[in-house]
Structures are given as structure tokens and as C-alpha cells.
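Just below is one structure, and these are the notes that go with it.
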């Protein structure tokens, strides 16, 4: 996940105070000259280095619990860019306002920090080990959940460092440090017997000194009376620059001989499973539509946010090779239990809750039961599409498990029991932060990018057809109007108009009955509008023909009050009149990802704290 300040030309990354001062000297030392750099003490924090009266001033910027950023005693801001913008207009306690950015020289990129260099590999290892994922499922999980996973692993990054020795006594540490050259500043770090404490062992003057590292009540690490740090690796990096209470600064690593093995199989943090309810009986149905994980002990405050990979519908039920042996389009009726619980109904018939019995497990399913009297042509069309849908496999679409021909034609789908997106959001403006909305829309974009890659046009993308598994996991559903394109086709022409959702349709769909992935992009823009308006109806009080005239006049729906300008800009691009000028879903997903990551990097606290961060940004 990129650093929230990475795009700023005056951000230098992980450089020392001395290096910052050297850059400011070379830039002329004018009053108000400034740059921004990573803070070595505070995870996600920065330091503002400023010149005034030919002197250097350095102000730590802490990331607050609610995801905002503030200089001690100063106002909170939703990002480092916004903070610098504020202080360029009002010094508010600084010796002067920020007048001139000390931009990086051409070709100089921000210096990556220690964790920056390890982040991608650690995220990949964590996701692979925790959820046993491989292939596309692994890649999808990394993309969608990188912000959350990074927060989990940042505090364990020290276990990847060559100076960390995970099982070493005091005597063994001394033997290691005395072996070979006894250079001043040679060091290693090891855990102590007392839980949560560590020892820093350091050579100086041919003698080994041991320093206690403990955690305070806030979880910060420090040597007694020393500077406090969020992580052990930050403490070590800082002590490489200055002794700060040590007899000598850290200089030469005493490497762990098994460091390479640790890199290959790191000790990553245990995943905090989000489910605490009793384990599900296989003969009962869950109202929330997925199978909970086994119970675990949890305190009232220990409620980490759920991740899609924690649910039973992230991977295909056929991801197990044993189950894959039985994968067929047509399902046996005796393996399908249809409950009396009706989830919905429509022109086609009804949707019922059920359970499908597989070789090794039972899964909750939603069953579309076609009403009696459905025309043969419609059944044939549905079967053709079912054959294609049966091959689709992505965590962010509702998978077709199979078709059952018995008392009626039944389509057996994955269960996503959280209801449609627009109903979930309606009236919850105060409860659901913008970052949560962006997270769900990013998942929809990932699902649509997959369909685009498979030459599959949805034709009915709308908030009503985005179903939730939980508040952090969405799936695209209702492929009733979907159509697969041939490999050489970019669009196809519908035979008849039928009952079309005109308010979600692109102009070429209405005018010429031409559908493509770019017309789905238009619908995605309308879905975005629904989501950021918290479930409001698009083109309120307008009828279909009025909407078409409205669009022909070059008009578009206004930006919803809660919608960030970056997201309305993407919406507007989705609503470009000429289909060939609209972005594809590859582009849409990348833009959604970048924006969601930028929000996720700010919002560290629980939902109520996150809303404070949103308010600070507003």
C-alpha cells in the first residue's frame, strides 16, 4: 500500500535528521523552506523539517488513533498533504508558516523504510499461511485486503530482520557477540523470558552490555527512560542513528545464522478470527448466509474487523480437489434441501434458502426456483447462460453451484445473506464511513474486471444486485440479463427491449440495444452514485424517457453530499457519452483501489473513530 505522502514532491521517505538538514542547506536555507520525511519512532507518522532564522526545526507528526495526523498540540488533519496545506496558510505554533517546499531533485525517489522493503513479501506470506490460498484467490485477497493485513503484520516485521534472534539466552548472546571481531556497535536483539520484553545486546570496548526493552501500557517499546517506538524495528533503526541512552550507537549486525530460514517461513501474527459464535450444526441454516468459523475466546473489546477470506464463500466450494471430482452443472435433487424461507421473488419466480450437500461438507445456498409456465425459449436461454456462469469463479461474484431439474428448474447459487447494497446503506450515513463504502465498491470493481476479462457482460449491474456477505464483503449477483461475448466481439445486440432497468443503462443500450463491458462501466457509475448517496434512488422522480433526454443534454446526476470529489470524478468518467471513451474495468479497478488504499491508510480506529477522521477531512 503506497505511503499517503508518496505523491508529494517534498516527501523524502525514510531519511535521517542529518540528511534532511543537508537537503535544506542545499536548497538555500530560506525562511519557511520545508520538507517531509518518515518518522522513525511512530508507525505511519512523519517529521516536518522547517527552516527559520537560518536554524532547523523538526516537528513530529503523529498518526492519531482515529486515522488523522497532528503535530503535538496542533489541529488534526485527514492526511499529510492537508496538514502541510494548513500550515502553509497559518503557522499555528510553528516559528513561521510553510512557504517553500524543498522538492526532491529530479530522479530522486522517496527513500523506502525498513518495513517498506519487506511489506509485499510479508503480506503475501501472511495471506498464504493464514487462509491457505494460492493462485488467483491469493492475488485477489492481497489486492483487496492489503491495508488490513499490513496493519496486522507491521508489529512483527522485526522477526524478518537479521539482527533478531528468536531463541537465544543471555550467555549464548554473549558467545555470539564475542566470536569473531568485537567491533564497537556490534549488536543483536532477543526475547527475554518475561512476556513482552526483549534484550538489546551490544558490544563496546570488548565488553557486552545488555539493555532491557519493555512495553508501556500503550504498547510502545522503549529502553528505560528512552524514546518510545511503535515497533521494535523502528527502535533499532533509530538507535543506529544515535545512541540515545546506549553506551554506543548500533552499528554492526550480529546476524542470526537461521535468518534465511526465518525469511522463508516467518512467524506471522495469528489471525484474529472475527467469529465468536458457537460452531454451526450442519443440519441448520444460518440467517446471515455463511458458515461461521469455530468459536474462540474473545473479550468485548477484541473485535477485529472481518475479512472476506474468513467466510466460507471466499473460495469456490470446489476449491477442495476432493469436491472438484463431483463438480457438474446438473445437481442431484436428493443432495438439495429447499427450505420454506423465501428470500425474494420476481418475474422469473422466487428465491429460497437451502442447503446443498457435497462430498465432505454442506453449504448454505440461495435457490432460484423458476415459476411454472416459463416459456421453453426462456428456459433454453437460461440454460445456455448457466453453462457459462458455471465456469466463472471469483471471490467477488455470486457463484453458480449448479442447476437442478426436478419439480421446477432451480438455479443453485452461493448464499450472500447480508442483503442488497442499497438497503444496507439506506439510513446508515452516520454508521457506515465513506471508507467502508469505497471498500465495497472496490470489490465490485474487482468482480467486474474479472467478468470483463472473461468477455462477460452483466447488463444489470446496480446496487440492488450487489449482495453483502457482511459489511466488509460484497458480491455481484443476478446474472439474469448477462450475456457472454465471443472472443472477437466487443459488444452484442439484444433481440428485444423487454423490461430494462433504463436508469442504469448507457445511451447506446437504450438507443441501439448494444451492450458491452463499457456499458457495464456506465452502470457501475450509477451503482457508485447509489452507494455514495447511501441507498438513494438515481434520477429521482424522473421516468425512463426523461432520463434519456437528461443525458442527451449533457447533464449528469450531481455529486452526492457524502461523495469524495475523487470518486465523483470517476463516476463522471463512467458516464462519458461515447462508449469507446469510457475507462475499462482494468482502469476503474485501479482507480478505486488507489482511493480505497488512501482512505484505509488514514482510518486506523474503530468505525466511530473513523467517522471522526472523515469529519476532519470534510
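Cβ from N, Cα, C; glycine included.
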Of 15-65, 168-218, 270-320, the range Swiss-Prot labels region 'Disordered': 270-320
Residue 343 (ATP binding site): tally of other CB atoms within 10 A of its CB: 17
Pairwise CA distance, residue 248 (phosphotyrosine) versus residue 314 (phosphotyrosine), rounded so that it is a whole Å: 51
Composition by DSSP (helix, strand, coil) of residues within the domain 'SH2 2' (163-254): 19 helix, 28 strand, 45 coil
Separation of alpha carbons, residue 314 (phosphotyrosine) and residue 351 (ATP binding site) (Å): 21
Residues that sit under 8 angstroms from residue 314 (phosphotyrosine) by C-beta distance, when 6+ apart in the chain: 131, 137, 141, 308, 395, 473
Whole-number Å value for how far residue 543 (ubiquitin cross-link) lies from residue 343 (ATP binding site) (Cα to Cα): 28
Integer Cα-Cα distance in angstrom, residue 543 (ubiquitin cross-link) to residue 349 (ATP binding site): 26
Rounded Cα-Cα span from residue 318 (phosphotyrosine) to residue 345 (ATP binding site), Å: 28
Position of peak Cβ density within 10 Å, selected from the binding-site residues 345, 351: 351
